[in-house]
Amino acid sequence: MKLLWQVTVHHHTWNAILLPFVYLTAQVWILCAAIAAAASAGPQNCPSVCSCSNQFSKVVCTRRGLSEVPQGIPSNTRYLNLMENNIQMIQADTFRHLHHLEVLQLGRNSIRQIEVGAFNGLASLNTLELFDNWLTVIPSGAFEYLSKLRELWLRNNPIESIPSYAFNRVPSLMRLDLGELKKLEYISEGAFEGLFNLKYLNLGMCNIKDMPNLTPLVGLEELEMSGNHFPEIRPGSFHGLSSLKKLWVMNSQVSLIERNAFDGLASLVELNLAHNNLSSLPHDLFTPLRYLVELHLHHNPWNCDCDILWLAWWLREYIPTNSTCCGRCHAPMHMRGRYLVEVDQASFQCSAPFIMDAPRDLNISEGRMAELKCRTPPMSSVKWLLPNGTVLSHASRHPRISVLNDGTLNFSHVLLSDTGVYTCMVTNVAGNSNASAYLNVSTAELNTSNYSFFTTVTVETTEISPEDTTRKYKPVPTTSTGYQPAYTTSTTVLIQTTRVPKQVAVPATDTTDKMQTSLDEVMKTTKIIIGCFVAVTLLAAAMLIVFYKLRKRHQQRSTVTAARTVEIIQVDEDIPAATSAAATAAPSGVSGEGAVVLPTIHDHINYNTYKPAHGAHWTENSLGNSLHPTVTTISEPYIIQTHTKDKVQETQI
C-alpha cells in the first residue's frame, strides 16, 4: 500500500508540471499560424473594375462590360455582384478561394455554360442568382458541395427540359425560381426529387399544359403557377402538398375545376384563380379548405345559375368583408354585373341532383378488391355513409376505403367486418339524393375460382334407432366460396335424418352433375348440327355428279345426231303380179315364198339431194344413180324378211 501511494503521488506531480507547458506551447503555435496566414494573404485589395465596401466584404462589379470573372476578389468577400455584364462561361474553380461568400449574383449576363466544379469552395454560399442568361440545360453538376445553398434563381433562361434529380445535389434549397422558362417542353416525373426542404417554387409563365408531379415537395408552402395553359384542374394535381399555404393560378386559361381538386390542400390560406375562364365550380369545392381566408375569383365569366348558389352562400359566410374579391355574374343577361355574393335562390328554380348510376348489392369473398359505383352530375358533391356511421368523402383518410373522383367507393381489400349497407349521398344546393347497396363479405375458404355458383348441398345421414321414424331437417347456412362481382349466393346445407337399418349412405348432389348434363346436351345438339351439315353436303355432291353425267350424255347424242341422216321407206306387203318376172332376175338371187323384191330405184327429184358442182363429173352405179367420181360403189340395201302381216322397211345410209 505504501508503494502504491508513492506511485500515485509521483504521477500527480508530473501532471502538475506538464500541463502548463503544453498549454503555453499550443498558444505559441496558434499565434505563429495566424502570423503566417496573414503574411501569406498579403494586403486585401479591391479589383480595379469593382467597388468594395464593409472592409471588402461586399464587392460590386455591375455594368462593367466584363467577359469573365475578375481576378483579385478579396477572400473575405461575403457579397459579390457581377450582374449586367457579358460573362459567357463560368470555369471550374473560379471562386475556389471565396470560402466566406454567401451571395453570388450572376444574373443578366450571357452565360451559356457552367463547368462542373465552377462553384467549388463556396461552402458558405446561401444565394445563387443565374436568371436572365442563356442556359439551355440545368447545370446540375455545378451544384456539387453547395451544402448551405438556400435560394436558386434560374428564371428566364432558354431551358428546354428539367430532368430527373436535377436538384438532388442541393437538398438544402428552400426557394427555387424557375419562372419564365418559355422554351420549357418537358418536366420529368422525378424532377423535384430530393427537395424535401423547399418552401417556395415558381413555375409561372413556363407554357406548362399539365400539372407536373409535385409530390416530393412535402414541405412546400408557396406555389406560383400563373401564366400557364391549364384547360382544367383535376383531382390529384396537388397531391402530397399538405403544407401548401399559398397557391396562385392566375391567367392560365382554366375553364374547368373538377370536384375534389383541392381536397389535399388542408393548410391552404390563400387561393388566387383570377383572370381565367371559369363559369361555375363544383358544389362544396372549398369545404376541405378549413383555413382559407383569402380567395380571388374576379375576371371570370361566371354563369349565375343553380350551380353557383352554393358559392354565393359560402362567400357570404367565410369571406364577408370583401365582396369585390370574387367577381361578377357574366350570364344570364338579367344577372350580368351582379356580384357573386349578391346572388340568392329566389332568382332560380333548382332541383335536387339525380344519381345516374346507383350502387348495386355485392357479394364478395374476403380479401378481394371491391367497388360500389355512384355516378352523379359533375357539379354535385358525393359522400358515403358506412355501416358503422362513418361518413367518407374524397378528402377523408381511410387505410382501406376511399372515395374516387367519380364518386365510386373503393375497397383495396374487404374484410368480414365490412358487411353491411352503404349509402351514397349526393348533394347540391337544392337538396340531396341517396342510394344504398348491401355488401356481403364471405370467408375465403376453399376459394379455387373467381366465381361461385348458386348451389344447395343436401347431406343425408342415417341413425339406427327404431323409435325415430320421422325425418328431421336442420338447415345449416355456410358461406359461399369463390368470388363473384355482383351475383352470388350462400350455400345451404340440409342435414336430413332417416331410419335405415345398419346402413350409412351419404348421397350428395352437386352442380357437377348439372353441368355434365348441360354439357351432354350441348354435345348432342352439336353432333346433330354436324350430321345435318354432312348430309346436305353429300346430297349436293351427288346431285352435282348426276347433273354432270346427264349433261355429258346430252352432248354426245347431239354430236351423233348431227352426223347422220335416216331415211325410212315403207313397202307394202302385197306386190303386183307384173313385177314377179323382174323379181326373178334380181341380182340378189333371193327366191322362194315370202321373198320380196324391191322395185327399181329411179332418180327422183324429191330424194336426190346431191347436185353436181361446177366442173364436177358424175358416174352411175349398178342401180343407175349418178355418183361422184370419188364414190364408185354404194352398199346394197338390206332385205328384211318378216311375217306376211308385217311391214318391211328399207334403211339407206
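Easy rule for this one: first residue shown is 1, then count along the chain.
Just so you know, glycine gets a Cβ as well, placed from its N, Cα and C.
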Of the residues Asn213, Asn434, which is given the N-linked glycosylation site tag by Swiss-Prot? Asn434
Scan Cys304, Cys306, Cys325, Cys350 and flag the one Swiss-Prot records as disulfide-linked to Cys329. Cys304
So which residues does the domain 'LRRNT' (39-75) touch in its own chain, when a touch means Cβ under 8 Å and the partner is 6 or more beyond its ends? 81-90, 94-95, 97-100
Minimum Cα separation from Asn440 (N-linked glycosylation site), reported as the residue among glycosylation sites Asn277, Asn363, Asn434 that achieves it: Asn363
So which of the glycosylation sites is most packed in, judged by how many other Cβ atoms lie within 10 Å of its Cβ, out of Asn277, Asn363, Asn388, Asn434, Asn440? Asn363
Cα-Cα distance linking Asn434 (N-linked glycosylation site) and Asn277 (N-linked glycosylation site), given in Å to the nearest integer: 32
For Asn410 (N-linked glycosylation site), the nonlocal same-chain Cβ neighbours (under 8 Å, six or more residues apart) come out as Met369, Ala370, Glu371, Ile401, Ser402, Val403, Leu404
Need one number: mean pLDDT over the repeat 'LRR 1' (76-97). 95
Please indicate, using numbers and ranges, the residues of the same chain that are 6 or more beyond the repeat 'LRR 4' (148-169) and have a C-beta under 8 Å from a C-beta there. 107, 123-138, 140-141, 175-195, 202
Using DSSP, how many residues in the repeat 'LRR 4' (148-169) fall into helix, strand and coil? 0 helix, 5 strand, 17 coil
